[in-house]
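As annotated by TrEMBL, 5-amino-6-(D-ribitylamino)uracil binding site applies to Trp31, Thr65, Phe66, Glu67, Asn89, Val90, Ile91, Phe122. Per TrEMBL, (2S)-2-hydroxy-3-oxobutyl phosphate binding site is recorded for Glu94, Thr95, Arg136. Look at TrEMBL and you will find His97 tagged as active site, proton donor.
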Amino acid sequence: MATAGVDLSAFNKEELPDTSGMRFGIVVAEWNEKITEALYQGAFDTFIATGTPERQITRINVPGTFELVYGAKQLCEKDIFDAVIVIGNVIQGETRHFDFVCEGVTQGVVDLNVRYDTPVIFCVLTDNNIEQSRARSGGKHGNKGVECAVAAVKMAALRRVVH
Ligand SMILES: Nc1c(NC[C@H](O)[C@H](O)[C@H](O)CO)[nH]c(=O)[nH]c1=O
Ligand SMILES: CC(=O)[C@@H](O)COP(=O)(O)O
């Protein structure tokens, strides 16, 4: 099912656990910052809405999506977060660079989820154009940052159950 027809911002707070005792890390790419800042705000607001104290949300910035993996690795190494979200926006240009950035961050996040006990949530928009990015960062399809924060909360709760 594609994003079209899905509201990425839709969630029922009552169906989520209280996050007052949880800590979340958010790694934000500076490339396409208008998009990544909107994604970050969606994620941050969702954590606050589910009860996370602001002091328990840690943000770090990296230059671009390709560096998200290194940033998330630094947070995972601390082993203090219930979940980490990586936020990026990759937009197709004239060359195949798009493919390699997307492949690199995708495989890197997979590797982090295998190597560390901290769920790393993939909040990377990989779009053909800026219009698609706008639509998924608070536009007609909602905000993927919200969707990914909900995923982070659910995975954090799962991690506590299985521990
Ligand atoms: N074109 C985009 C990039 N490119 C930069 C890379 O992510 C990386 O920072 C560079 O190759 C140095 O390692 N990054 C994005 O986040 N979005 C793009 O559209
Ligand atoms: C994803 C990218 O790195 C890309 O936007 C860069 O653009 P180009 O392929 O035209 O160099």
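Here the Cβ of each residue, glycine as well, is placed from N, Cα and C on the backbone.
A gap of 10 Å separates the Cα atoms of Asn89 (5-amino-6-(D-ribitylamino)uracil binding site) and Arg136 ((2S)-2-hydroxy-3-oxobutyl phosphate binding site). Cα separation, Arg136 ((2S)-2-hydroxy-3-oxobutyl phosphate binding site) to Phe66 (5-amino-6-(D-ribitylamino)uracil binding site), rounded: 20 Å.
Closeness to ligand 2 is met by Glu94, these being the binding-site residues among Trp31, Phe66, Glu94 whose Cβ falls under 6 Å from the molecule.
When Cβ neighbours within 10 Å are tallied across all protein chains shown, the highest count among the binding-site residues Val90, Ile91 belongs to Val90. Candidate binding-site residues: Glu94, Thr95, Phe122, Arg136. Not one of them has a Cβ under 6 Å from ligand 1.
Of all the recorded positions in the list Glu94, Thr95, His97, the shortest Cα-Cα distance to Thr65 (5-amino-6-(D-ribitylamino)uracil binding site) is found for His97.
Here the recorded positions are His97, Arg136, and the one with the most other Cβ atoms within 10 Å of its Cβ is Arg136. Checked against Phe66 (5-amino-6-(D-ribitylamino)uracil binding site), the recorded positions Glu94, Thr95, His97 differ in C-alpha distance, with His97 being the nearest. Annotated pair the residue listed as 'active site, proton donor' and Ile91 (5-amino-6-(D-ribitylamino)uracil binding site), C-alpha to C-alpha distance, rounded: 10 Å. Summarising the 5-amino-6-(D-ribitylamino)uracil site geometry, the residues cited as binding it (Trp31, Thr65, Phe66, Glu67, Asn89, Val90, Ile91, Phe122) extend over a maximum Cα to Cα distance of 16 Å. Of the candidate binding-site residues, Trp31, Glu67, Phe122, the one lying closest to Thr95 ((2S)-2-hydroxy-3-oxobutyl phosphate binding site) when CA atoms are compared is Trp31. Under the DSSP three-state reduction, Arg136 ((2S)-2-hydroxy-3-oxobutyl phosphate binding site) is assigned to coil, being neither helix nor strand.
In this record, (2S)-2-hydroxy-3-oxobutyl phosphate is bound by Glu94, Thr95, Arg136; the longest C-alpha to C-alpha distance in that set is 23 Å.
Under DSSP, Val90 (5-amino-6-(D-ribitylamino)uracil binding site) is assigned to a strand (E or B) in the three-state scheme.
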